[in-house]
């Protein structure tokens with residue numbers, strides 16, 4: 001995780017990221033196979049599988065979904081390092097990547113839930129027997145690699161933001177200072193990982209508050225106050241969608257954060 005966080009350009013992680021994505025899809029394939037073999041009894045779902053939920057549990061799920069929208073942190077770095085940067089190409093690449101992620105989330109979530117039902121409270125990773133299932137053991141090794149790459153992809157925008165606040169330039173900063181700063185951030189992440197017992201707590205708080213604010217509220221407000229924004233200039237679709245984006249962010253921040261805090265206190 002530390003070594004992958006050292007490159008100054010996100011383009012340096014393209015091959016490692018591609019391998020990580022392949023590992024994730026392999027793990028999803030293993031989830032589907034295991035679920036078909038053990039989760040479906042007589043071709044039917046388990047009795048404890050609920051297609052719809054209500055109350056605080058359903059709102060906590062909203063926070064986890066919002067966490068996935070934090071991937072936009074790397075948009076500026078990716079756009080700046082594209083060979084032929086344009087809004088059209090960026091939109092096309094983003095739509096394709098988010099579609100692949102959406103498919104992966106839906107398939108993994110449904111078949112993982114169908115396999116173990118209400119027994120799953122945090123993650124399905126603890127329910128597989130990697131000592132007897134060789135394919136799943138290989139998938140776990142791939143998950144470790146993907147976590148390292150994912151940490152580096154999240155580390156770079158956080159590091160660049162800190163550099164900007166301090167007044168350092170990521171392109172001209174000495175290598176030793178970059179290594180030292182990345183090492184401190186990686187150590188802090190390690191300590192937080194050791195002392196935070198439930199992963200859903202992190203996803204819930206970060207997804208509801210940070211995802212709702214950074215991914216929904218702020219982009220909508222920036223669009224509204226950047227100038228020359230009105231119903232006549234941007235059109236009805238852009239106008240309505242901007243307000244829907246803002247309202248969705250407010251709902252996520254208020255109810256998602258409240259549900260996550262309630263779940264921790266309870």
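Every residue gets a Cβ built from N, Cα and C, even glycine.
Here TrEMBL flags 2-259 as domain 'Amino acid transporter transmembrane'.
According to TrEMBL, the transmembrane segment annotation covers 12-37 (among others). Same-chain residues lying 6 or more positions outside the transmembrane segment (12-37) and placing a CB less than 8 Å from one of its CB atoms are 4, 100, 104, 107-108, 111-112, 114-115, 124, 128, 133, 135-136, 138-140, 142-143, 145-146, 148-150, 152-153.
Summarising the annotation, TrEMBL assigns transmembrane segment to 57-79 (among others).
Beyond the ends of the transmembrane segment (91-114), by six or more residues, the same chain brings 21, 24-25, 27-28, 31-32, 35-36, 39-40, 45-46, 49, 68, 71, 75, 78, 120, 124 to within a C-beta distance below 8 angstroms of the stretch. Residues or ranges marked as transmembrane segment by TrEMBL: 91-114 (among others).
Sequence annotations record features per position, and here TrEMBL assigns transmembrane segment to 134-154 (among others).
Residues or ranges marked as transmembrane segment in TrEMBL: 175-196 (among others).
Here TrEMBL flags 202-222 (among others) as transmembrane segment.
Feature annotation from TrEMBL assigns transmembrane segment to 243-265 (among others).
Count of Cβ pairs under 8 Å against the transmembrane segment (57-79): among 134-154, 202-222, 243-265, the largest is for 202-222.
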